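Enquirer: What TrEMBL records for this protein is below:
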type	residues	note
TRANSMEM	41-64	transmembrane segment
TRANSMEM	84-104	transmembrane segment
TRANSMEM	110-133	transmembrane segment
TRANSMEM	145-164	transmembrane segment
DOMAIN	330-610	domain 'ABC transmembrane type-1'
TRANSMEM	369-390	transmembrane segment
TRANSMEM	463-483	transmembrane segment
TRANSMEM	551-569	transmembrane segment
COMPBIAS	661-672	compositional bias 'Low complexity'
REGION	661-688	region 'Disordered'
DOMAIN	688-913	domain 'ABC transporter'
REGION	896-935	region 'Disordered'
COMPBIAS	905-927	compositional bias 'Low complexity'
TRANSMEM	1032-1053	transmembrane segment
DOMAIN	1032-1187	domain 'ABC transmembrane type-1'
TRANSMEM	1094-1112	transmembrane segment
TRANSMEM	1118-1143	transmembrane segment
Amino acid sequence: MFAFEEAAAADDSATWRRLCGTPRFSPLSEDGSFLSPCCEALAVATPAAVLYLIAAAFCLDGALRRSEVVSRPPAGRRLVTARLWLTGPLAAAAAARLAAFAALTDRWWVAAALAPVVLTLAWLAAALVAAAVRDRLPCGSRGPLALLLAELLLLGVGGVQLAGSVLRWRATGATLPLAQLSCDAAYLALAVLRLLTQLPQYPADQDPAAGDRTPLVTEPATLGRPLGVAEDGAGWLSVLTFWWAQPLMRRGRQRQLYDVTDLHTLPAALNTDRVDARFTACLRRRTAQLREAAAADSEPERLLPPAAGPESQQVSLLGVLLRSFGAEYLLLGVLKLVADLSTFAGPLLLNAIITFIEDPRQPMTRGYVYAATICAANVIGVLCTTQYDYRLAKVGLKVRAAFVSTIYRKILDVPLAQLARLSSGEVMTFMSVDTDRVVNLCSSFHAFWSLPVQFGVTLYLLYWQIGVSFLSGLVFAIALVPLNKWIANKTGQYSAGMLEHKDHRVKLTSEVLQGIRTVKFSSWESFFTALIGVRRTEEVRFLKKQKYLDAWCVFFWATTPVLMCLLTFGTYVLLGNRLTAATVFTTIALLNMLKGPINAYPWALNGLIDSLVSIRRVQRLLALPDMDPDQYYCDKDNLPHNIADADIAIHQGFFHWGAASPSSDGAAGRRSAGPEEPSPGASAETETTMSEVLYSGNARNQIKLWGVSLAAWPGQVVGVMGPVGCGKSSLLYAVLGELLKEEGLVHVADRHRAVGLVSQEPWLQQGTVRDNILFGAAYNVDKYRSVVSACALTSDLETLPAGDLTPVTQNGASLSGGQRVRVALARAVYQDLQVYLLDDIFSSLDPRVAEHVMRQCVRRLLRGATVVLCGHQRPLLRLTDHLVVMDKGYVTRQGPPSEILAEIPDSPTDSEPTFSSSSSSTDDSPSVAEPSDAVQEEDRVLGAVRWPVYKAYYRAVGRLLAPLVLLTVAAMQASSNATDLWLGFFVTSTTGANSTAAPPSSEPQSLLWLRLQAGPVPAPAGSDHQRRFFEVYGGIAAGNALLAIMRSFLFAYGGVRAARVVHDSLLQAVLKADLSFFSMNPVGRIVNRFSSDLFTVDSSLPFILNILLAQFAGLTGFVVVTVISLPWVGLLLLPLGVIYYYIQNFYRYTSRELKRLSTLTLSPVYVHFVETLSGLATVRALRGRDR
């Protein structure tokens, strides 16, 4: 029995000798430092090559079944050809390893020959696959994904073989490992180079006509196909790795992102209508709950609603956001928590890794386990972080869509008298800066709770590592908390002040742009430049304070880790402890982890405070009462019997505008006067409100209507006359419900039906003349021609370049004043309404045209309708049925026109129509819109950001200041690296460890290279040595602190200076532009440059640039120190640098184009919003809210 077992054992031993060259199979080498040669061949190289051969067989089978030839762009074809030529040397390198083994050893074993043979066959198959990809397979230039993954395994084989050859050569010094090392190095270099040819992706277009006859010249393929819905059909692995976005990335890399149609379609969950409906439902539900709660003990309703209820009765927007998107948002906290906890795997294993490095007796497998654990934790952390960021951005998109839609809808619902409480700049800021800050709440809140969690876990690990010594650094860090809180509070105050002055500046800029023709005709550019400069100076004053506080935050962020290390290690040594490499490295890693929570928490608080400030600002808008026709108007049963059948009836009505009056009657005198030079203190005193911008009102004249009584019956034309500022326009707005009613009765027949309003300053939309006249109604040729003829537009349309299809620029700037009025009148008449309100429409028309419009349009086409006509022209007012005279808000008399006009003496302004400054001298010579004046699509720069852009910002910062900032950044990083080097020198000189050349890096992965270092250093011990260490360390820390404060304040000053220069240059360029520029570019598009884009220059750009410079300096310092300490790492950094360059370049193209598309698509939103603001009364009167 025993003999049989011995014989079986001998046979097994012989089998293993033939297969592996050893009596038995062992996964590790004899010294346990790496895999055994047999394990490399049988468990690594052979399986990888076999898998590749199987995948290549399937691929080649598919290629042989195809008869079509694919065409590729020249760049893609060159890449595949280069890959084909590289495959031959790779197969030769694999065969050379076998040749070296055969030539340099007499002991043959199967595995040593099997692996090179299979690898050689695999690379020969790879050559066939490359040829098939080039000519037959209709896939991208990378080839099938399965083959790409299999080729990565072959690349890994080269890395494993190279590492094994290096270790065997160092252990034995034999010739065979050296020869194999040379072959493996060449193999790995060629494999990496071949992999680089697969990073770019070029699509292939199948030519259906290709076959035996192939054209000599092929055209590059294009990506004209739609990308479809984002994430549609993506599997869990694709979602986890964002592989579904590869078509978009490839399209961006090939510079084929021209407009939004080239992008993915938004998924249903991000559809704006769906998101808005969800948010609106929650908002209305919460509003109804508050009303029901308040109705139990409320006072009787007043006719005049309050501006806003008590604070407790206002709807909390934050609560509505949580009810709408809170579930998916709060669940993201789980991803955030996992991502944060995964970062602690490094410090937890760091001590064990360093102990392993210092003890050569420990097996290498333990180090690999440690390294693999850290890598796995990093992979989990990266996956959780990327998914968290992506899904957080999706929630942010929903919040943005909900806020923008809600703000826009609220603007459409609030009457003008209530909206007059806000300035136009403030309303614009709601849509831009405030919305951006509310979106920032998504990230700030999770940072608000996650940073303290990281702080607490890190403190526990520090206590576990160095005991109570960590308290000295902790006390220093905690002492900064009140200071950080004070900085956060002051930053919030300065931010609110900056936003307030930003509102003033944007409002004034918008006013200047809307009246740019008057400004240029009157040569007022310098005046308004100075006036806007006053607003900008006040804004920059708050921006400067905010940036200087941010500079203190940067200073604490940069110096806290160094000072904490100094205090912690000093306390640790004073308590009688001895510094070791394990203690120092682990403590530094933990202290560096404290750096994030301590310094990022003020930023999180600032973001949270800014978001809450913006929410309160938007909440103030939403607290304004909506227009309620059922409350404002009364039924005819409540009217006196003598006016019960009137279409329009006002009985003893008292009205006012609240904060300011939009009486357009009072605007003429103000516009006729020249401007006065602004003073620095004129910011607050000259601030105007919303009503002034929209309706040319005068805040100094609080127009009220006192005891007004008026009645207009069906088919009647009622004229209203009176001196400038008497309240004629206010009377029309009172009929529309735009004023605040104190008492009295107002009735309009069919109150929910549209009313034809033509204001004194006519409102037109961007589009064609026909679009403006139709206003969404169906096009009827006969009716359309009748309306155009009655409004005296026939001859005008014939003179326009494209007739009624001629584009109308913003506010109708391409038309004359008379043409704008008549187009607005035609729009109202075309709607076939019962009630028309015409506000001084004849002042822009010459007498002949005015009489034609009065007789053919008002008296003939509108017969049967009820018309209220305000004006000064006595000849035309004689054609009315009833005439009302107003003075100082009172109706002084009314009756038949013949009687009223006989009692009122003639005046020059009443005898004939006058001409506004915006009209032509006669309406017989209309303004002709040149084709070049039509609104153009916004230009989009393609490709990389040009150097002149960087140069312009460099000059804006300052020719001397910018280099000084860069110098301080470099010097600060050098001092930070000096502390690491000095600490590493001290540790190695006191411990005498084998890893004497190791850098004190907090990155545990780099510490595995210490295993390759050798040679002890004498350990000069004693208190003198430790004292000298702390003296030098303290001096370096002091220098680092000084450089940090210089860098932070110089950077803040440079950012503020650049913000001022960029704004002034932009303002000068815009105000000096020709009028054609304003015809081709809507005001909203230009305002976007002065609001959102300038906010990016003021705040976002310096912040991002600061991070970029800090990260670049930190990366450079880390690479320099690592290469000095571990030159071997340089061999990895070179290929990694090339790979990351291509990856970053691949990403950067798409990222840049998407950012540009985002900016371009944002401008139409502002254009539409500004356009709506300027015509709110007309939109509401014509019931165009839902268009």
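We count from 1, first residue shown onward.
Note: Cβ is positioned from N, Cα and C throughout, glycine not excepted.
Computed from a predicted structure; not experimentally measured.
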Enquirer: Please tell me whether the transmembrane segment (145-164) and the transmembrane segment (110-133) touch - that is, whether there are at least 3 C-beta pairs under 8 Å between them, with each pair 6 or more apart in sequence.
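Expert: These two stretches do touch.
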Enquirer: Need one number: mean pLDDT over the domain 'ABC transporter' (688-913).
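Expert: Averaging the confidence scores along the domain 'ABC transporter' (688-913) gives 84.
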Enquirer: Of the listed stretches (41-64, 84-104, 369-390, 463-483, 1032-1053), which one yields the highest count of Cβ-Cβ distances below 8 Å with the transmembrane segment (551-569)?
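Expert: The stretch with the most close Cβ contacts to the transmembrane segment (551-569) is 1032-1053.
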Enquirer: What same-chain residues lie close to the transmembrane segment (84-104): Cβ under 8 Å, and 6 or more beyond its ends?
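Expert: Contacts with the transmembrane segment (84-104): 112-113, 116-117, 119-120, 123-124, 126-127, 130-131, 134, 161, 175-176, 179-180, 183-184, 186-187, 190-191, 193-194, 197.
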Enquirer: So what's near the transmembrane segment (1032-1053) in sequence-distant terms, Cβ-Cβ under 8 Å and 6+ beyond its ends?
Expert: 544, 547-548, 550-552, 554-555, 558-559, 562-563, 565-566, 569, 961, 964-965, 968-969, 971-972, 975-976, 978-979, 982-983, 986, 1102, 1106
Enquirer: With an 8 Å cut-off on Cβ pairs and a sequence gap of 6 or more, do the transmembrane segment (110-133) and the transmembrane segment (41-64) reach 3 or more such pairs?
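Expert: These two stretches do touch.
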